[in-house]
Each structure stands twice: as C-alpha cells, then as structure tokens.
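Features as listed in TrEMBL:
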BINDING   ASN10, VAL11, GLY12, LYS13, SER14, THR15  ATP binding site
DOMAIN    1-258  domain 'OBG-type G'
DOMAIN    280-363  domain 'TGS'
Amino acid sequence: MKLGIVGLPNVGKSTLFNSLTKVGAESANYPFCTIDPNVGVVMVPDERLKLLADLYHSAKVTPAVIEFVDIAGLVKGASKGEGLGNQFLANIREVDAVVHVVRCFEDPNVIHVDGSVDPVRDIETINLELIFSDIEILERRIAKTVRGARNDKTLAKELELLNRLKEHLEAGNLAITYQTDDEDEQKWLAEYNLLTAKPVIFAANVSEDDLADDGASNQYVQEVREHAKEQHSEVFVICAQIEQEIAELEDDEKKMFLEDLGLSESGLEKLIKASYRLLGLISYLTAGETETRAWTIKLGTKAPQAAGKIHSDFERGFIRAEVVNYKDLLECGSLAAAKDKGLVGLEGKDYVVKDGDVILFRFNV
Ligand SMILES: Nc1nc2c(ncn2[C@@H]2O[C@H](COP(=O)(O)OP(=O)(O)O)[C@@H](O)[C@H]2O)c(=O)[nH]1
Ligand SMILES: [Mg+2]
C-alpha cells in the first residue's frame, strides 16, 4: 500500500513525513529504506504480532508495511506548469490513497502561502489543481475515442462516460463522487486512474493544545470535518510537531508522553487505522518458529487469494486452510489445544478471510 502526502506548502507535510518514517527506522526487518528522500516505508503497528511471536518463540517478526511519499510542490497553477508542477501531479497518480494535510494551527512564525489560515479554501485550491489535471486526461482520452466511437458501440458508450465525467469535473466535483452501478463504467474509471478518484484522508494539523479534545474546540477542524463529509473522506487530527517529538522516544516513554497529552495512540497509529478503514483493508497472520508475520488483504478476500499474497504456489496449489482466531489461539496456548477445543476451522476455497485469523495453508504443487 502506498500513501501520498499532499497539501499546500508550509502546512506540515514534511514534518509529518519525517515523524512517520522515523518510527519506521526502528524496525529491524524494515530498516527505514530510503528509496529516495521523499519515500519512506513504515511498519503497521500490530500488538497481535508480539503476542503470537512470544507464544511461538519466533525468530523473526515481520509487520505489514505502508509506503509514504512526501509530495511537495502542489501550489496554485501546478496543473498548468509544463515541468515540475505536472511532475508532482504524476507522483500522486501512483498512490493508492492520498493523505491531504491541512493547516489548522495558528503560528505567526510560519508563513501561509495565501496569507491566512483557512483550511477549506486550501482544500479547494488543491482539489482544483487535481481536477484540472484530471480534465486534461479526459480530454486526451476523448480525442482518442471520438473517431472510433462512430462505428463502435462500446467506444460510443465509453465516450458518453468520458463526456459525462468531464462535465462532472468541470462543475467542480471530484471523480470519487461520480456514482455508477454500470460495470463497464466502473472498469473504465479504474483504468483512467484519475487523481480525484483516489480515496482521501484529511490530516488536520493542529497545535498541541487542540490534541486532547481531538480538535473539537478548533473551528477550522470542524470546517474540515464538514467538508470531508461532502467528499466521502475521513479526517484525523494530529499535531505534526508533537508527532515528530513522539517519534524520537522509546516505546515505554512514548506511552507516558501520550498519556500526559491525554491521548491513547499516536498520530501514526490513527493514520494507519484510518487508511485501513478507508481502503477496506484487514490483516491476517501467520505464526511459527521461523517467523510471525502480518499480511494485508482487502476485506472480502477468499482463502486462496489471501494465500497468494505469501506465494503464488500457495494460491495455485491451494488445498485448504487451517484457521484460528488469534485470541482463541493465545487463550488456548497452542494450536493443538485450540484444535482439541474445536476452535480451529478447516476451510476451503470459498472461505472469506477475517481480520485476526491465524492461518496455516495446506497446498500442493
Ligand atoms: N506551530 C506549528 N508549526 C508546525 C506544525 N507542523 C509544522 N510546523 C512548522 O511549519 C513549517 C513548515 O512545515 P513543513 O513540514 O516543512 O511543511 P511542508 O511545506 O508542508 O512540508 C515548519 O517550520 C514546521 O516546523 C505544527 O503542528 N504546529
Ligand atoms: Mg515539505
């Protein structure tokens, strides 16, 4: 999974990015791999892994990971620019979801590019650039389709969609709010890979004082929440500056620090949970002496496809899955004890994998 961090300059994107990737640096299995300075890999915090690893005395623990990209340079007019601006937009095209950082903190020392704090105006500025960029893509596609559409029913249908989508965007709407039940249309929409069709999570960057009540007393945050509802997005409240301080701490210090602030989890944890929800993701687990590991799948994935995440042979040669909920396994103390109690299911190829399933796949190739 790849998340792109976007927003106007000076809203706290890099501060957030740095705090996220610093946390990643602590992982032994995924050392902070700097693919380039703006890309970082972060492990998904998952307390179930440690418990299972203790049970199995696992030599290795491998969490699921998320890749973050700090996408700078989105400003008014970015979609018009020949060079750089468009390059930034191209970076967004590659991500699964967008984390849109908006400034909800007052600080006279940090300049705002538009002179004042106004998160909804900022969101609209960025959205407009994304919309312009999408319209350009649609126009190019229309130009390619128009000739063939005269003699080809499928192309004619696609052209209708393209024109309807273009109107939708020209009216200031995002592609994600374009609703269709038509399977062809859904397929084409996925192909176009429009920026405004991507799921968005807003990160409302507040000052430290606004953290404890989750931004409830911050008027800007309320405005962002209203706006997010309209565009089917989630909001989470962070203080990027504090997040950076938290990232420097050891685990037990971290807990105390968060408690002092009246928080139960760090911004990173909130962000990862929000992205899992938004993208409809869950994790199943594999556990053993060699390795205990979390695997990310889409909600609704069946056993063979889930097995395919580990290795294509597991999917191809899938026979069955031995499945036990991690809590049951921990309570029983061993797989054998869980079996005795009838808590281990033998599941076939139609089994839909659940969050927290510990699975042993049987396969034959
Ligand atoms: N007061 C305050 N300043 C912040 C916060 N987050 C970031 N900043 C400051 O705002 C400036 C711009 O932050 P940066 O992360 O570089 O913004 P970017 O341009 O969006 O990447 C820096 O001086 C940060 O220290 C915050 O939560 N509160
Ligand atoms: Mg930056």
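Including glycine, each Cβ sits where the backbone N, Cα and C put it.
Fair warning: this is a prediction, and the values are worked out from it, not measured in the lab.
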For the domain 'TGS' (280-363), what does DSSP give as the number of helix, strand and coil residues? 24 helix, 34 strand, 26 coil
Could you pull the average pLDDT for the domain 'TGS' (280-363)? 96
Around the ATP site recorded as ASN10, VAL11, GLY12, LYS13, SER14, THR15, what other same-chain residues have a C-beta within 8 angstroms of the site's C-beta center? GLY7, PRO9, LEU16, VAL101, ARG103, ASN205, ALA240
Looking only at Cβ atoms, how many others are within 10 Å of the one on SER14 (ATP binding site)? 18
C-beta crowding around ASN10 (ATP binding site), within 10 angstroms: 13
Just to be sure I understand the packing, how many Cβ atoms besides its own are within 10 Å of the Cβ of VAL11 (ATP binding site)? 27
Any of the binding-site residues ASN10, VAL11, GLY12, LYS13, THR15 with a C-beta atom under 6 A from ligand 2? Give them in order, or none. LYS13
